[in-house]
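These come from Swiss-Prot:
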type    : residues                                       : note
BINDING : G169, D170, R171, Q172, T173, G174, K175, T176 : ATP binding site
SITE    : S373                                           : site 'Required for activity'
Amino acid sequence: MRLNSTEISKLIKERIAQFEVFNQSYNEGSIISVSDGIIKINGLSNVMLGEMILLPNNEYAIALNIERDTVGAVVMGPYIHISEGAKVRCTGKILEVPVGDNFLGRVVNALGFPIDGKDSIQNDGFFPVEADAPGVIDRKSVNQPIQTGYKVIDSMIPIGRGQRELIIGDRQTGKTALAIDTIINQKQSGIKCIYVAIGQKLSTIINVVKKLEENNALFNTIIVVASASEAASLQYLAPYSGCAMAEFFRNKGEDSLIIYDDLSKHAVAYRQISLLLRRPPGREAFPGDIFYLHSRLLERASRVSMEYVQKITKNKITGKTGSITALPIIETQSGDVSAFVPTNVISITDGQIFLESNLFNSGIRPAVNPGISVSRVGSAAQTTIIKKLSSGIRTALAQYQELAAFSQFSSDLDDTTRKQLNHGQKITELLKQKQYSPISIAEQALILFVAENNFLDDISIDKITKFEKEILIYAHNYYFDLMEEINKIGDFNIVIKDKFIKLITEFKKNQF
């Protein structure tokens, strides 16, 4: 077989013409030090603050310090296999987490990977962990309530959809219990819940998951976990990841509730990272941007307008408003709310629910101090019937607490003072509530009506709990339609008032 030189030449030219040169440049550097999850990198000239940096073995770090010659980055996870001299490169992206409806009912880590031993999760896309909060024009006023199921909160410290309400108190005062009960109470409301556990013991988190399962509330909840045994970088990231998952529901025109348990441990994790990055420490050794750490997180919680939802979904969803309601938790030391992190978060949020260890230890659960607890925007969102019936409760409690303090110094009290003290004690007893037992709007309305209209005067304090339990059973058995109507419309009128009086009179005459 003879080879034709012309054909060979033609074939070579065709192959050369078809050859494509792929020229892809990378911004590459090398690790010069590794310690405590922090790496120092030399040679990254075009890195962005917060950018993901690709490490060996497909691990990632986030650039947090940009200096003249080096970049300080925090490794997202284990760092044992990382060594000095290893090559790293920029990705040009900020960190994103997977989001979607399929995450409901699952337990995931701070990066969105399932850790509950079940199947992998099919996501509906990725959202950035660091996102801008909606602007003033994109927001809508808070005018719809979130029912916690607690009489003392829904009546005196109401929470609205899109609000940020701080839960603050010493350890072991019922902060997490209050948050979990709020999630349990949302299983019929359609509000999607995200519980972010930061720096908690795994045994505590397992108990939370178990309680939500027992109360049929896990199907509506995403649990994001960065436990005490995990790296500080993941504890720092977890709240932002949870918020990104909540934004997925908000952008669809749905309401979501997110609980950060707790931001004190989040601040400690960030302090640890900052000190390892050699940032200058300030008050209580926290870095200078500790306020911004929490403000940029909590400002993402809001109620957005129909136009915002329409714009962000490119007209796929119209006529709906979305919201993120945030319940951050802060742990205080010996009731000191004037510490650095508590005062920061108090100034960012729209109110606070203060839990006192003295009240908790004396058997008042939830241990809410109504004197210094406040909701700055929730009253506009409060259900009409609860708003009308609870107006005198706070005043009566405030008078009772003032008189109770005064009566310790005087043994000779007049009849009016003694009557006010007795009434205050009965209201305090009536507002007590067991854990994992949230109650409906109608049940709250009936109990508040009893307290407001002096139907407790002839009942001794030790029988208040029994009276409350039995009157609710009686109401559901004989006035079921009335209770359903109140739950549906949430309004108060003369007809409902007359029916309440009839119900209470009949019950006290025949049953109690």
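Placed from the backbone N, Cα and C atoms, the Cβ positions cover glycine too.
Projection of Swiss-Prot feature records onto the structure.
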residue : record                       : contacts (Cβ under 8 Å, 6+ apart)
G169    : ATP binding site             : K175, E331, T332, G335, F354, L355, E356, S357, A367
D170    : ATP binding site             : E331, T332, Q333, S334, G335, L355, E356, S357
R171    : ATP binding site             : E331
Q172    : ATP binding site             : S357, F360
T173    : ATP binding site             : L355, E356, S357, F360, A367
G174    : ATP binding site             : L355, F360, R365, P366, A367, Q435
T176    : ATP binding site             : T204, V208, D261, I329
S373    : site 'Required for activity' : M156, I157, G351, Q352, I353, F354
Please list, in sequence order, every residue of the chain apart from G169, D170, R171, Q172, T173, G174, K175, T176 whose Cβ lies within 8 Å of the Cβ centroid of the ATP site. E331, L355, S357, F360, A367
Where does S373 (site 'Required for activity') sit by DSSP, helix, strand or coil? coil
Around K175 (ATP binding site), how many other CB atoms lie within 10 A of its CB? 25
